[in-house]
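> Structure below; questions to follow.
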Amino acid sequence: MAQDNFSQVTEFILLGLSDTQELQLLFFTFFLLAYAMVLLGNALIIVTVRTDPKLSSPMYFLLCNLSFIDICYTSVTIPRVLVTLLSGHKAIAFEGCMAQLFFLHFVGSSEMFLLTVMAFDRYTAICRPLHYTAIMARGVCWALVAACWLGGFIHSIVQTVLMLQLPFCGPNTIHSFFCDVPPVVRLACADTTLTEWLMASNSGLISLGCFLVLVASYTLILAKLRAHISQGNGKALSTCVSHLMAVTLLFMPCIFTYLRPAGTLSTSKYVCVIYTVFSPVMNPLIYTLRSSEMKGSMWRLWKRCRA
């Protein structure tokens, strides 16, 4: 598509969540506290895992990577939201919008792949404990993490290229607080039916596929634990249930948002808050507070810092 087809739009207007002054102050406080919790909670996890030799198992290696991804993921959207709420400047350059869309899908899909790998790690540890060390060797873990990032990059490149092929020459108002595929593609000055189906097949099927693999793996884990119930297994059972709740909180809104053409149903911008804010905030709590090893390591780190 020629460059001049979409060069007429040089910026987009992000409407945000509300125009009411009182609500904007409330949203600013909410996003600021959420971002601080994500940064502090995940940074604490990374420092704890990196400084405690006892947390050298593949599970904590993957958890450390998940924490890094959550920091990157929220940093793509929340700082921009805070600046907009504070200054009232809602315009974002076309290039900035495309960059935000690219990094959002890059990091977001990488997190989906990583959560799937983490479920495989738990399945191997519980259902095949005798082969766990061989299957989840450190080299294998590095390869799996690299594959997650590579898969996220390929997915995001496809989404961004499809978006850049569209002409944007008319309306430039985005009914959301960040740039994403569904609200932006509606602004294109062309028939986007094929592009929307391609994007839905890309993002939607990735979300649905990862979620089904996660549900299947946790179902097998829960069945294994229930068949050999004990005090230790009871705790593992509770942990798996909490992990399943966490991934559901992320995947269900994404499936609802992306597994359909953008024009078939309006996506509530408040639904987007669930997977861009609530899920990253909950991850440090769910994946660490259920682990006595992690809590013990954090307590030892606290004592070393005070000494």
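Each Cβ is built from the backbone N, Cα and C atoms, and glycine gets one as well.
Straight out of TrEMBL:
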- 41-287: domain 'G-protein coupled receptors family 1 profile' (DOMAIN)
- 25-47: transmembrane segment (TRANSMEM)
- 59-78: transmembrane segment (TRANSMEM)
- 98-120: transmembrane segment (TRANSMEM)
- 140-158: transmembrane segment (TRANSMEM)
- 204-225: transmembrane segment (TRANSMEM)
- 237-258: transmembrane segment (TRANSMEM)
- 270-289: transmembrane segment (TRANSMEM)
> Can you tell me which recorded stretch out of 25-47, 98-120, 237-258 has the most Cβ pairs within less than 8 Å of the transmembrane segment (270-289)?
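The stretch I would name here is 237-258.
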> Determine whether the transmembrane segment (98-120) and the transmembrane segment (204-225) share at least three Cβ pairs under 8 Å, counting only pairs 6 or more apart in sequence.
yes
> Would you kindly list the residues that approach the transmembrane segment (59-78) from elsewhere in its chain, counting only those six or more residues past its ends and only Cβ-Cβ distances under 8 Å?
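Same-chain contacts beyond the ends: 31, 34-35, 38-39, 41-43, 45-46, 49-50, 100, 103-104, 107-108, 110-111, 114-115, 117-118, 121-122, 125, 138, 141, 145, 148, 177-178, 276-277, 280, 283-284, 287-288, 294.
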